[in-house]
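A.B. asks: One structure follows; several queries about it will come next.
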């Protein structure tokens, strides 16, 4: 298992091209949010912007669009389009994220599963995106050959495993699932494990208990989406995003303490975490 360190991330993050433009740094699309969970959509979109995405589109239910129009300054929120238009828009992007704060209903779950089947672009599933496919687990197998990243906490992973206990060996459990379904599995928690279907695994070395608050996972999902959308290879992008997320949390804890820090503090510390990794002295 590879230990993800500052030096590892240093070698994964490319220097931004001097002649780059918005398109150079990736266009990503997020489907998120519901009544009472507008913060999840806003945090996710802001995280993608902070991690360097060139363009961030955000599709939300029409009833919460006015809220997100105020919350999101750099991302582009819009009422979710009908299915075929949504699918077309997503397939024109460099990466898609489905799930943060999306809520659960039969209609929402069916739409999510149909998108999972038909999207051709790299896909990240988080929160209710994970819960939707957990009810129809075979849908993951339709994406073999297309990059799919799932970011469950233990409870969501238990649902993905149809109630089968994770057991003490988290690496083995994550790897078995990744191999079985041909996906990348980010099993969140202390020392987050990232497992790839070819058998390679990565263990994170950053983060602290102050990050165990609602919204932290939304930030991570947006960061993973951003690095993938910038064209960074998955084995560099996903472990690096996890490390940077934890590093931002460690910086927030240093300023506010583990009790008082919030997911919004993670957003503010993403730039410093990236700068710290990119400026790391390597012999």
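Every residue, even glycine, has its Cβ placed from backbone N, Cα and C.
Pulled from TrEMBL, these are the listed features:
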- 40, 101, 153, 218: (6S)-NADPHX binding site (BINDING)
- 188, 189, 190, 191, 192, 217: AMP binding site (BINDING)
- 5-277: domain 'YjeF C-terminal' (DOMAIN)
A.B. asks: Indicate whether residue 101 ((6S)-NADPHX binding site) is helix, strand or coil by DSSP.
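C.D. replies: DSSP call for residue 101 ((6S)-NADPHX binding site): coil, neither helix nor strand.
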A.B. asks: In the structure shown, with every protein chain counted, which of the binding-site residues 153, 188, 190, 191 has the densest set of Cβ atoms within 10 angstroms of its Cβ?
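C.D. replies: Most Cβ neighbours within 10 Å: 188.
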A.B. asks: At its widest, how many Å does the recorded AMP site span between Cα atoms of 188, 189, 190, 191, 192, 217?
C.D. replies: 14
A.B. asks: Using only C-alpha positions, which one of 40, 101, 153, 218 is spatially nearest residue 192 (AMP binding site)? These are the binding-site residues in the record.
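C.D. replies: Closest recorded candidate to residue 192 (AMP binding site) by Cα: 153.
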A.B. asks: Can you give the mean pLDDT for the domain 'YjeF C-terminal' (5-277), rounded to a whole number?
C.D. replies: 98
A.B. asks: Just checking: which of 189, 191, 217 have a Cα that is within 10 Å of the Cα of residue 40 ((6S)-NADPHX binding site), counting only these binding-site residues?
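C.D. replies: Close binding-site residues: 217.
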A.B. asks: By CA-CA distance, flag whichever of 101, 153, 218 among the binding-site residues is nearest to residue 191 (AMP binding site).
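C.D. replies: With Cα distances computed to residue 191 (AMP binding site), the winner among 101, 153, 218 is 153.
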A.B. asks: Near residue 189 (AMP binding site) in space, meaning Cα within 10 angstroms, which of the binding-site residues do we find among 101, 153, 218?
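C.D. replies: Of 101, 153, 218, within range: 153.
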A.B. asks: On the Cα atoms of 40, 101, 153, 218, which are listed as binding (6S)-NADPHX, what is the maximum pairwise distance in Å?
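C.D. replies: Overall maximum Cα spacing for these binding residues reaches 16 Å.
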A.B. asks: Can you tell me which of the binding-site residues 188, 190, 217 is spatially closest to residue 153 ((6S)-NADPHX binding site)? Compare CA atoms only.
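C.D. replies: Comparing Cα positions, the candidate nearest residue 153 ((6S)-NADPHX binding site) turns out to be 188.
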A.B. asks: Based on DSSP, name the secondary structure state of residue 217 (AMP binding site): helix, strand or coil.
C.D. replies: helix
A.B. asks: Could you check which of the binding-site residues (188, 190, 217) sits closest to residue 101 ((6S)-NADPHX binding site), going Cα to Cα?
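C.D. replies: Spatially nearest to residue 101 ((6S)-NADPHX binding site) by Cα position is 217.
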